[in-house]
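**Student:** Summarising the annotation, Swiss-Prot assigns site 'Discriminates between blocked and unblocked aminoacyl-tRNA' to Asn13. As annotated by Swiss-Prot, tRNA binding site applies to Tyr18, Phe69, Asn71, Asn117, with the evidence given as sequence analysis. Taken from Swiss-Prot, the feature active site, proton acceptor applies to His23. Summarising the annotation, Swiss-Prot assigns site 'Stabilizes the basic form of H active site to accept a proton' to Asp96 and lists sequence analysis as the type of evidence.
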Amino acid sequence: MSNTIKMVVGLGNPGKEYEQTRHNAGFWFLDELAWKWKASFKEEKKFFGEVARAALPDGDVWLLKPATFMNRSGQAIAALAQFYKIKPEEILVVHDELDIPCGRIKFKLGGGNGGHNGLKDIQAKLGTADYYRLRLGIDHPGDRNLVVGYVLNKPSTEHRRQIDDAVAKSLQAIPDILAGKWEEATRFLHSK
């Protein structure tokens, strides 16, 4: 049986100044997944990001950290997907989510972008919203005028611990996600 998911993308912004910011929660997840799978990232200019190939028993899975900045993530995803003939429904995008309490996780196929500029660009470049999303809650600052500063700053020690715990829990669901066991993955990820 082959993997249902062929590409896992972590969203974030490139550069040292952004490494520890909330908006890079997707990168944090992908770094942990690559470590778990013993996959190494290397910069691939034709894919506009850092790419790793995980050779798994049920087939290769590509890992991608776009280097295009969050708002242009779709460019990197579309380039890798087109080259390896990966369909949108075979892609899992992992990203931070303001509208979910810090440390909580949501998993779904498709849906709106919730104002997330990275998701807007992905939908525009793929031509569809029908890709899987693993949403890592980072909380909302309470005022929409504070959002940009909030996502581009480091979380508190407590919030970072909660996000790290969510990443660890999400990693446990990856085998079910890869196998297409959507209900099992959703039930596990949505539980407290």
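For all residues, glycine too, the Cβ spot is worked out from N, Cα and C.
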**Student:** Apart from Tyr18, Phe69, Asn71, Asn117, which residues in this chain have a Cβ no more than 8 Å from the mean position of the Cβ atoms of those residues at the tRNA site?
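**Tutor:** Other same-chain residues near the tRNA site: Asn13, His23, Thr68, Met70, Arg72, Ser73, Gly118.
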**Student:** About how far apart, in whole Å, are the alpha carbons (Cα) of Asn117 (tRNA binding site) and the residue listed as 'active site, proton acceptor'?
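**Tutor:** Taking the Cα atoms only, Asn117 (tRNA binding site) lies 11 Å from the residue listed as 'active site, proton acceptor'.
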**Student:** Work out the three-state DSSP category of Asp96 (site 'Stabilizes the basic form of H active site to accept a proton').
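**Tutor:** Going by the DSSP assignment, Asp96 (site 'Stabilizes the basic form of H active site to accept a proton') falls within a strand, counted as strand.
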**Student:** For the recorded positions Asn13, Asn117, work out the Cβ neighbour count at 10 Å and name the residue with the minimum.
**Tutor:** Asn117
**Student:** Measuring Cα to Cα across Tyr18, Phe69, Asn71, Asn117, which the record gives as the tRNA binders, how far apart are the two most distant ones in Å?
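**Tutor:** Roughly 16 Å, rounded to the nearest whole number.
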**Student:** In sequence order, which residues at least six apart in the same chain have a CB under 8 Å from the CB of Asn71 (tRNA binding site)?
**Tutor:** Asn117, Gly118, Lys120, Asp121
**Student:** Relative to the Cα of Asp96 (site 'Stabilizes the basic form of H active site to accept a proton'), which of the recorded positions Asn13, Tyr18, His23, Phe69 have a Cα no more than 10 Å away?
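**Tutor:** Matched recorded positions: His23, sequence order.
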**Student:** List every residue in the same chain as the residue listed as 'active site, proton acceptor', at least 6 positions away in sequence, whose Cβ is under 8 Å from its Cβ.
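**Tutor:** Same-chain residues close to the residue listed as 'active site, proton acceptor' (Cβ under 8 Å, separated by 6 or more) are Leu11, Gly12, Asn13, Met70, Asp96, Val151, Leu152.
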**Student:** Taking the Cβ of Tyr18 (tRNA binding site) as centre, how many other Cβ atoms lie within 10 Å?
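**Tutor:** Tyr18 (tRNA binding site) is surrounded by 18 other Cβ atoms within 10 Å.
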**Student:** Where does Asn117 (tRNA binding site) sit by DSSP, helix, strand or coil?
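**Tutor:** DSSP call for Asn117 (tRNA binding site): helix.
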**Student:** Could you list the residues of the same chain, at least six apart in sequence, whose Cβ is under 8 A from the Cβ of Phe69 (tRNA binding site)?
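**Tutor:** Looking at Cβ-Cβ distances below 8 Å from Phe69 (tRNA binding site), excluding near sequence neighbours, one finds Asn13, Pro14.
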